[in-house]
Amino acid sequence: MNVHGMAAIYRFEMARAGRTLWQSLVTPVITTALYFVVFGAAIGRHMADMDGVSFGSFIVPGLTLLSVFMQSIFNASFGIYFPKFVSTIYELLSAPISSLETVIAYVGAAVSKSIILALVTLATATLFVHVRVEHPLLMVLFLVLITTGFCLMGFVIGIWAGNFEQLQIIPMLIITPLTFLGGAFYSVSALAEPFRTITLFNPVVYLISGFRWTFYGVADVPVWASLAVMIAIIAVCLAVTGWMFRTGYRLKQ
Amino acid sequence: MSAILSIRGLRKSYATGVEALKSVDLDINRGEIFALLGPNGAGKTTMINIACGIVTPTEGEVLVDGRNWQTDYRHARTRIGLVPQELSTDAFESVWNTVSFSRGLFGKPRDAGKIETLLKRLSLWDKRKSEMRFLSGGMKRRVMIAKALSHEPDILFLDEPTAGVDVELRRDMWDIVRDLRRDGTTIILTTHYIEEAEEMADRVGVISKGQLIAIDEKKALMAKMGRKTLKITLSDPVEAVPAGLEEWNLVLEDDGHQLCYAFDSNAERTGIASLMRRLSELHIGYKDLSTRQSSLEDIFVQLVHAPEKAA
């Protein structure tokens, strides 16, 4: 196993995040904090409780995940896309490092950044709304699984993307709408049929529901279903990544 | 001499239908400087990229010290360093960080002492804290070499190492390459500066349209394929090659002031003595004689373009 190679990639990626701290941490935290201020502290007090939880507190897990989804994809996709863009990818392809080690290093760094972002965002939320975590260990476990899934997805997008515009398409046009329609601001049980049933086809619903359950013990779907969706996302993205490396898709000629 | 790198039946067809390599076989000897010459698009970079694992071949294999470069890729890649043709660098990284990154990526533990030695050897020590984007092209080229050497490989591929660098830096690069060879590194360089191969290489391979069309010791190749030209500077210019000199196929140059006779210096009879006698018989006076050995460039042009002319 090329431990030094993995460590070099991990350090490189973390150093890049350090150089772009405003973009990778401060900006998303401020943006999410504004949501807490507007929807939590300002509007939230006039809203009815959701599943017995005040509206301001209810939206914290979903909004945190919205930010985590986006940054996980951006961090991981940029990490592998940029060497392709500036042609330094030759070094990675010619190094004695396996595809699995490469994925672990790049995705590991992106997951670390996303978890730091999530924890800072949650800490910021406590400044504006009341936040309690009923299952802290499971909250961390779910956070690790969710960020791993989305960082893997970002990695796949980074390999697939042929230009910067394509890097943005999936997070902006697919993930953001799915998150807004996935119960970030409301409980699925509040929806009328057939929208309630249709919503259940949105995988993000399961992620937000499961993550919210670790906070307040309330969920729109069974917790095991949330866990299954998290693992399924990881499995699918790992399979696609493995195929990309095996065939050299958009990596090798 | 044992081969440190063997290429067997290497073929590469791109999706566009271009056949970049047509079943190439090549052995690189341990500790030599091997120059791969060829015009643009001949397949030099494709061959290097396949050997380094960057391009997937359509057919064939590469052996590094007898071990397959795909099934035993960790062994092969640890032994190989690559300086690509393009100056591809992380613009925002410092010289020190980017070289350290390469060392780690290739499986070596962090070693500040080794990086320091390497940077000093390549005259990069003063620039170690500079970001890559602030370096000149020549300095970037040195950093690329430092990155390739950071994991102490014993095979170094240099793909057009002096493309676009000034004469002084080119001489510096040649010194660096010679130093590396002295330390036991096997060097494979591609170039279309024939002068570079003539100056440094032990052996030369000429590739054209995906095929190796010549491969030999540089001196042997020059002796085998090289010709000498005798230049006779006449006392009085002539308008045409004088009658009676047809059998030597002379060429008139310099506005009739010079007769040129191309001959094979390895032949038993070069024809020079008989030519001089005939000139004397014809009372053609001359004031100077000189010979010129054909260069590697002449041989290269002959090899690459002769088939085109024949067609």
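Using the three backbone atoms N, Cα and C, a Cβ is placed for every residue, glycine included.
Residues or ranges marked as domain 'ABC transmembrane type-2' in TrEMBL: A:19-248.
According to TrEMBL, the feature transmembrane segment maps to A:20-43 (among others).
Under the heading transmembrane segment, TrEMBL lists A:55-83 (among others).
A Cβ distance under 8 Å defines the sequence-distant neighbours of the transmembrane segment (A:103-129), meaning residues of its chain 6+ beyond its ends; these are 5-10, 13-14, 17, 24-25, 28-29, 32-33, 36-37, 40-41, 44, 54, 56-57, 60, 63-65, 67-68, 71-72, 75-76, 79-80, 97, 143-144, 147-148, 150-152, 154-155, 238, 241, 245. Annotated transmembrane segment per TrEMBL: A:103-129 (among others), in sequence order.
TrEMBL lists A:136-161 (among others) with the feature transmembrane segment. Through the fold, the transmembrane segment (A:136-161) approaches residues 65, 68-69, 72-81, 84, 103, 106-107, 110-111, 114-115, 118, 167, 170-171, 175, 207, 210-211, 214-215, 226-227, 230-231, 233-234, 237-238, 240-241, 244, 249-251 of its own chain, all at least 6 residues removed from its boundaries and within a Cβ separation under 8 Å.
Using a Cβ-Cβ cut-off under 8 Å and counting only residues 6 or more beyond its ends in the same chain, the transmembrane segment (A:167-188) has close neighbours at 39, 50-51, 58-59, 62-63, 65-66, 69-70, 73-74, 77-78, 81, 150, 153, 157-158, 161, 196, 199-200, 202-205, 207-209, 218, 220-221. Positions annotated as transmembrane segment by TrEMBL: A:167-188 (among others).
Residues annotated as transmembrane segment in TrEMBL: A:224-245 (among others).
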